[in-house]
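Trainee: Below is a structure I'd like to ask you about.
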């Protein structure tokens, strides 16, 4: 209790619950002002009353004090990040008006929301409002402060409404409430708040406490539902940049039919071309095609899905856009003959030693500032220099790509270790219609395999011992062969490559089969190629390998990378934001694994997979690339097979074994992707199981969670609508079901994506190792001019160079791969940092700390494996160590690091 003196003309002394006070008699009335501080307050407040006498003044003061005891003084500290073009930047004509708003203390209107209902009305209590005033700046953060008087029976704070009175949006980092008990209440916002002039609806931010739907306090139930309705929108209208609406649409914006007939592309999504759904933008339809959406410079993504300023300004978005819209055209100008092949391998090497002079745009030094790894400034020349850094595979052994053992090794420890599979049946037979494509039987015979194994072992024995493996791009590519061949300077085959598992655990390629399907009166052609012991067969083998690596590069990029990670994850993000409240513990588990994915996908639709984009102009399927990804999705994608263990078992690369580590026995013991991936998978699964167990101790809670069930139903029936009737979708009936579904999503967004993305420059930067397109057919293909065979026999090296991408194609792909392989300075790695809501829950915090500790241990284990000379698929002379699944990394092109999300 605090004591103070009340002074009157009669010098009455009273001990009161005030900090200080006085009554001054003024004629017939007494003016009284006091600073009152309640028992749970940290600050005093001033009350002034008018009374007719001193005794009345004392009585009035006593009443005021009694009232004061029923209030709590609350302070809110708001942290806002300064952003270029945002409310606190020094850009734009509204800056002066916003400064005045700050000076008047009218920047942000905050309203505190109680978790309780009013006992008198049964309705939500009226929020307590106050304006926040600017109190200071530290670095790139500005702090605001607001003061509230909250009734002592107001109840716990569950949320805060925020209204931005500035003329521009602002990025709200967090809100800290002080005054309710001893501990501050933290609200982690990390969100853009639109200007009131754009949208009069206030933003709501809930506290860090997580609630299942049935646990939601009564005072927040309606607000929880309303916020979800806001996120869903009504499915109409064109989306505006500041909105936070999540809705679905088909991929109908890859073409540009209004611009030219050459840019007409089919709609992806639906019975003819099954596809996952993307985020709806609401842009108008094209004039020529009522099913296609008009393209525009701005592609909507919900505001909080956009890149952070660090990523936007220092790295990917600006870099990628500059690359697409400025650097690549400059490369094209520098290489006037865009279809020209490299004359010698030395000319390829010159890209890393001498570089390519490119026109220097205005302002001077623009490219070098944006892409310092790629572009160097040449003083006083009027040009910049495009100079590539030597990728890991070239730096360690420039000729490794030429060798069969490296060709094989990369199927297990390269950029695409997800396609190799056990050969389970023989003879090999296509599943395609022979009436359309020709005979289904492969030309790979028992006799050929046994001859190439050069061992006293039969085909039946190696099949039984699981020692034959296959890269099979036959059925997935064959339907596109003749259409692709109509594109000038491009060719394609269906292919099969057979590998033998040697005694030292490495793979040896045995045979390559290339197939051209029949067309009209032209019969099907199949060619089988082996190492050979003469010069001609040896060079044909090298050409065949170039075709196979082209197929592998295209399939990797379009299916194992784009489709299985980027494309299939976007519906998870949309459903999560539409159906799970931000207070839901599952939302808070998944949220860090969805960071930036929708933005990078929108950028891909704009520049990478769009009509005449990088993929179409430089990868084997050409203008049919997106259709190929649709065909692969239709044929192969299953959610229940996206978990790493299930994927390995499906491909015959592992079998279940309760006695083995991770419950799996690998078919090839030294399989770096699987060895390291299973470490990550198990760590993720353990963490998710502990997290789910914290909130769902019994199955009934899973079944009765209407938000959770609606989320899973929407993922299946809307986000992946073209697969909605498949019987393989997992049920969501137990905590174990839920943990497995979530672990799968997190694995795909983290480990799977890291494995297929961050080694792109390491393995593809020296493009002979992974050519992305084949430009000439095999000279021995039936029906080809004899002149082709003659030129091949005279100069086989030139034939190989002519098969590789052109100078322009190779250079632009190398530039893109360099950018796509780079970690941003603000990258968030798997298990590196706990989310605010996790840190405030003791059980969850301890589980996360175990997860973090396990990932650090995994780093050590991977380093030890890369130093073990017995593991020949990851160590050896000139071998690039397998580090793609090492959890952490510094910024830049490092060939390691597993980010939380698909952020590039």
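Placed from the backbone N, Cα and C atoms, the Cβ positions cover glycine too.
Annotation comment: TrEMBL describes 270-285 as compositional bias 'Basic residues'. The domain 'PLAT' annotation in TrEMBL covers 76-207. TrEMBL lists 210-904 with the feature domain 'Lipoxygenase'. Among the features that TrEMBL reports, region 'Disordered' is placed at 259-292.
Context for these features, please: burial, neighbours, distances.
Mentor: DSSP places the residues of the compositional bias 'Basic residues' (270-285) in helix, strand and coil in these numbers: 0 helix, 3 strand, 13 coil.
Taken as a whole, the domain 'PLAT' (76-207) shows an average pLDDT of 85 in this prediction.
Residues 235-239, 246-253, 299-302, 563, 567-568, 570-571, 574, 598, 601-602, 605, 611-612, 623, 626-627, 629-630, 633-634, 718-723 of the same chain lie 6 or more positions beyond the ends of the region 'Disordered' (259-292) yet place their CB under 8 Å from a CB of it.
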Trainee: Please list the DSSP helix, strand and coil residue counts for the domain 'PLAT' (76-207).
Mentor: 9 helix, 68 strand, 55 coil
